[in-house]
Every structure is written in C-alpha cells, then in structure tokens.
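**Student:** Residues annotated as Fe cation binding site in TrEMBL: His242, Asp244, His298. Summarising the annotation, TrEMBL assigns domain 'Fe2OG dioxygenase' to 224-344.
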Amino acid sequence: MYESANVSDDADRTAFRRAEKKYKLYYEQDSKFSRKKKLPKPIDLSELLDFNLILQNFNEKGLLPDGIRVSKIDSSRVFCLENRPGFYFIPGALSLEEQCKWIKESLTNFPQPPNRTNHNAIYGPITDLFDSAKENKVLVQDDLTNNKWNFCEEDIAKAKHRSCKSVSASLLLRKLRWSTLGLQFDWSKRNYDVSLPHNNIPDALCQLAKTHAAIAMPVGEEFRPEAAIVNYFGLGDTLGGHLDDMEADWSKPIVSMSLGCKAIFLLGGKSKEDLPHAMYLRSGDVVLMAGEARECYHGVPRIFTDEENAEIGALESELSHGSGHFIAEYIKTSRININIRQVF
C-alpha cells in the first residue's frame, strides 16, 4: 500500500495522481548556504479542508462551507461531504490521554507476535522490538539454516559481526511500516488468512471503534471489529491512492484513527480521474468510510514533521511526562494510523 516509485506516465495524468504530486514532500537547494542545504519546497495549502477551522467557525458563527453538513453525536461534531456519501470526519475525537494510550500500544504491544509486521518476511516474528530499541540492542541472525534472529547486547553483536548478519533494533523500529491486529491480512495474496494464528483486537480498542462507528452503521446493526491494520509513517513516507476492498460487506465502515504528526489526506472518487478532496488530518481525528465511500480512492501524500506544522506540542509534552522520553522522541517525526474493520 505504500507508494511505489515506478508510476506510469498514464497514471501521472489522473486527477488523483496530480494531487499526490502536488502535496508530496519535495526538496530544493537553498542558495544561501555554501553546502547547498536542502529545504522543503513550498507548496500551496490554501485549498485544503481544515475541519478544525470549520468546526471553530460553525461553533462561533453557525456557518458551514458549501457542500459540507454537520451533525452532533454525544459531545462530538461529525462532518460529512455531500458529494461523498458514507464519509464522516470527527475532528478531535480522541482525548490527549487516549492518543497517548494508543501511540504507546502501537509501538509496544501491537507489533508483538502473533501479530504480523512488514519485518516478518525477512526476520520472521520479532518479539519486544520497542524495548530492544530503547535498550540499544541489536538483532542478530543466530541460525543461518532456520533463519532464526534474536536480540542481544551491542557488544555481543559486535563479537558475532564477522560470522552473523545483524541490524540495530532502533533501525528496525524506524523501518516499521505496518502491523496487523485480529484476523491477519496476507499482503502477498491481498486477503485475510483465517488460518494464521492471531489474538482478538483489544477490548478497549473494540469499544472505541464501536462507539465511533455507530453513526455510519446500517440501522439496527452493531459494528464488529475483527481486524485492524496499523500504519507507521516517517519523514517522506506516503500512502499511495488505493481502495480498502478486501472486506465482505462495504456497508460497514472502516474506522480510522490518526495519531502523531499532522498529515494531508486525499479523498477521491470511484475513479482516479475524479478530483480528490484534500484535507488535514491531525492527531486525535477519526475518519469513517462506509457504503459508497468504501469505493473511493484515498491516500496520504504527506506528513508534516517540522515543529511549525506537525501540531503535536501538547501531545509530546504529555508523552514525555506519562510514557517517557523515548516515545515522545519517536512521535516527533512520525504518524500512526489505526484502521479497524469488520471483515465478514
């Protein structure tokens, strides 16, 4: 699902691809510096939907932009786009405490076996990745025949370096791109493999998903969280335009929770020729996609990791006090997305 560098000229001509290229992070040389310092290339962000500002204007003046509707669920305002039925945006849906909790879970528990990650293909199941990175450990290939890898102290890894392959846990944490909860998704076959060992999605996450999904559910039905994919984004990472089309019933929503650095989200139409809506996603925002919206292409062309635009100062401070400096340092340049699905 992460964007490939090999995109055809024909794909470049679609409205969705043009929007991806418009908002993607590019660098340019700063002529003021003799060593040619690279700076982010300026982009025009004036056309982005900002639901924080929309909410503020609605609360103060009762005004909404054309094509946007709002409803109230409990204490939250839920925004909809008239030309994208089944799409729901809940700004600031997660409290600061909830954001910290799920960031911590995403780094410490969600990548634990039997949950699978992008590292499984090379290293097999990896246990205690976060703690090992925190302790500056190194993953060493102990058994070449059976491809067995284990974490060990850095000095032991150096002693084994000549005969064994190794990689630092901190590098593996930074290269963590996805983990799967509940029913495991087989990325090679693009389907759910019920034969793979798995744990149920944590009860607290299930309840949170059910609460937010309620507005998008068919009348009289309750959302059943059966699988989740956790995406991890670093500087320059993107998520190319795609459909989430592997679940059996598209009338049920995908519940998507944003954590960490601010991002740009593109919501297209049923064809990549349709001009996408571009909007900000901030930490604590929740997006629902159900019904017709499940047929819409969507993606993330950019995250903001600079202090001015990331907008996570309060989150960093809360994490530093409650979860320790290591998690706070990670999230300063990262975004995590948890999307929860009903498979059957």
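Note: Cβ is positioned from N, Cα and C throughout, glycine not excepted.
Automated prediction, rather than curation, is the source of TrEMBL annotations.
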**Student:** Taking every protein chain shown into account, which of the binding-site residues His242, His298 has the largest tally of Cβ atoms within 10 Å of its Cβ?
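**Tutor:** Of the binding-site residues His242, His298, the highest Cβ count within 10 Å belongs to His298.
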**Student:** As a test of the contact definition, list every same-chain residue at least 6 positions from Asp244 (Fe cation binding site) whose Cβ is closer than 8 Å to its Cβ.
**Tutor:** Ile254, Met289, Arg294, Asn339, Arg341
**Student:** Summarise the model confidence on the domain 'Fe2OG dioxygenase' (224-344) as a single mean pLDDT, whole number.
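**Tutor:** That stretch averages a pLDDT of 95.
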**Student:** Tally the residues of the domain 'Fe2OG dioxygenase' (224-344) by DSSP class, grouping H, G and I as helix, E and B as strand, and everything else as coil.
**Tutor:** 26 helix, 45 strand, 50 coil
